Amino acid sequence: MIQEKALIFELSHPGRIAYSLPELDVPELEAESLIPAAMLRSETAALPEVYEVDVIRHYTELSRRNFGVDNGFYPLGSCTMKYNPKVNEDVARYPGFAKIHPYQPEESIQGALELMYQLQQDLAGLTGMDAVTLQPAAGAHGEWTGLMMIRAYHESRGEFRDKVIVPDSSHGTNPASASVAGLKTITIPSTDKGLVDLEALRAAVGSDTAALMLTNPNTLGLFEEQIQEIAAIVHEAGGLLYYDGANSNAIMGITRPGDMGFDVVHLNLHKTMSTPHGGGGPGAGPVGVKNLLVPFLPLPLVSKKEDGMYTLEGGSESSIGRVKAYYGNFGILVRAYAYMRSYGPEGLRRVSECAVLNANYMMKRLEPYYDIPYPGVCKHEFVMSGTPLKQYGVRTLDVAKRLLDFGYHPPTIYFPLNVDECMMIEPTETESKDTLDAFIDTMIQIAKEAEEQPELLLNAPYGTPVTRLDETTAARKPVLNCACS
Amino acid sequence: MKHRYLPMTEQDQQEMLKTVGANSIEDLFKDIPEEIRFKGELPVSKRLDEYALTTYLSALAAKNANTDQYPSFLGAGLYDHHIPSVINHVVSRSEFYTAYTPYQPEISQGELQAIFEFQSYICELTGMAVANASMYDGATALAEAGSLASAATKRTKLVVSAAVHPESRQVLHTYARGLGLDIVEVGTHNGVTDMAELAQAVSDDTAAVLVQNPNFFGSVEDLAAIGGLIHNHKGLMVVSANPLSLGLLEAPGRLGADIVVGDAQPLGIAASFGGPTCGFFAVSQEHMRRIPGRIVGQTVDRNGKRGFVLTLQAREQHIRREKATSNICSNQALLALCASVYLSVMGKQGLIEVGRLNLQKSHYAAGQLAKLPGVTLPHASPFFNEFVIKLPAGTSVADVNAKLLKQGFLGGYDLGRAYPELEGHMLVAVTERRTKEQIDQFVSLLEGCL
């Protein structure tokens, strides 16, 4: 059995240090003479006392208990876990990018502003939009930013529209972002083909419709073929179309949200543009808009002056304001720009072609062994259902846990909500046929195990640092910190 | 086309198409109507090979003045602290940085434990009971704190001090418009929140008072007094704290804070032109189930062994959808790891020591600057590592900073940018990275600019 890992606090030995700080080279004054005693710390913060080797071994050991794309195949649907190029990590760490302050005089940050300007242009070109803000820090933040602009747009026209329509297969952030923007959500069902139900949409739209939020291809991996009609229905009702860019990896250079009729789009640079997920962030969620929403873009925007200098000055009085401190997650923008330049126009299209072929290949090969609720052609991802395994007492969760023993990160499970025992598989373009074949063979083997030795799945995983964890107790009797002091 | 990140060969493609039953890749896109297919070449920048890319980006980076080459006296929310070498080595472990949110705990114990330790660090520093896994930044964390306070008190009025970071207040205003909250701003006196004005503004319909400590001017607020005032009206006190100051300054939790937020950038995170940094969010026990974002909890596995999982997920968007406490999903996990490693490196003694260096050096610098003819320190309030100077009448801070830049220094923040009444005032930050020699040089260069 693998040993329990100590907390950093448990490694503490009074007297050890891991820091190296400059000597005090100015005359010292009594702290109490500078700050009233009541404002000074009354009890020393109980931080650990360790030396540098402890620190390195501790975090190295933690990293060994973690699984990233560099460890193996990570077909986590809707998350686009593609390879994170190493050169992008290098360039983001250039001192001229990493060690600059947003309030420096503009003449001393021209390189950073130029990069942001170019990225704004490239993302606008990629999505078919008229202008892009790089401010939002993540996809959900971009959704909220876009919805705030939509709300401001309607208000500017003297219209009160507070309903956001989302399909039942949408990401949970869509309705949550609508709430934070002060809008109400109407959820409409999908058809049995997994697409937007036009009749339900027609019934839902009206004079109170602010927007329809749509992911296309949707979370089932299906392209909404009737997108033009959907756009017409929403626009005729006076609403706007919001594109959730989480699934953009399927369509680069093939079709653009702007050409489909969308008015607002956010992209997840930490998905489509390969910036690393970092174990949960940072991301970046730039938002592109059509001309009608340009006056409402958040501040600041990077623009180019007549003399060729880049500036953050200016902006519209109707702007929704500021959505984040400073200028977005700049370090992520650098990585994304390096990624786009590494491919260029032709390469980005090829990325989507490979991502889509990989997904279709996997779906086809797995079809005889698992239930594929929406057969036919998928885009960059597809869903399977684990319902046929229920007869053996096995659930999708058990399949996921068994995959861990074979060195794979499982697919997204139990999402979207409209598919029972759902597994959502997104291979991405950076995985080879050999990798896909090996994973498929494993999935086939697991399906056989489910039939022949279901207990093998029910008790999985076996080779991981811990076995299945008691999540119920964790939520009922929360222990959320080590209470070290 | 061939590309180093794309493994699909012509032969692979043919075999895979055959399995799929398609003649060409084009067949896989037949469901996209012809009229909306993109034709021609995408209007994006041309492709660069790896060498050309690094050459080009190096040249762009070189157009920026970086703080390794330009001693910086600029703070205003982002500080030029020493970043221990080990941090970059830890966060460059790709098991950390190439992982997603830890949805599969059995193979994500490293990240989960790291977040649990981050939560523990934040609770210890702030004196609060519960902390989450991180927020986008300090500004959005403050706005979410306003949202939580409103939900918890069922009141819609927020009172915010003008001494809170101007951009945090702007973000708060944007969120407030979305959520239908009213914001009342209270002015300052002597560099701190004006207590008389605050007492006027706060009433029984106030959800919370939001202050920053040390505040935007660097001054230390009287949190105990502010907390007493709002608690008399059964509202909450939200404090946005500089975590690096908390080795020296009292934990806000001990001074009555109900919610403590802030930006962990001073804890070993590069300024990076303002992002990515790392917001943190901590609350007292009673608000545990209203906290936004990811939270990690300790539990046991089937063998009784300690382990960690994402928990209290019934608050979150993927479960609750429109009823979630926030829409946040991706956060700033990797930067939270930076902050954790920083605190592990600094430890009990180091955090006190770095606080001492900041306090002493900034006071030395303030003393030297005050000796310059026509330069004054307009505030008498205590400060930590940042303070305001008033330049002689008619002096433009922007002009002074332009001259300093030419001499290889980054001057302080021009307060006139955000506070019209403070034209001619500069906000000066002095961290442990500034030597006495640099401070003396800065003082003499500044004198030359006047």
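FYI, residue positions are counted from 1 along the chain as it appears here.
Placed from the backbone N, Cα and C atoms, the Cβ positions cover glycine too.
Mapped onto DSSP classes, the domain 'Aminotransferase class V' (A:159-278) shows 32 helix, 29 strand, 59 coil. Taken from TrEMBL, the feature domain 'Aminotransferase class V' applies to A:159-278.
Within the same chain, residues at least six positions away from A:LYS271 (N6-(pyridoxal phosphate)lysine) with a Cβ under 8 Å of its Cβ are A:CYS79, A:THR80, A:GLY139, A:ALA246, A:SER248, A:ASN249. Here TrEMBL flags A:LYS271 as N6-(pyridoxal phosphate)lysine.
Per TrEMBL, the feature domain 'Glycine dehydrogenase C-terminal' maps to A:352-452.
Taking DSSP states H, G and I as helix and E and B as strand, the domain 'Glycine dehydrogenase C-terminal' (A:352-452) has 50 helix, 11 strand, 40 coil. Confidence for the domain 'Aminotransferase class V' (A:159-278), expressed as mean pLDDT, is 97.
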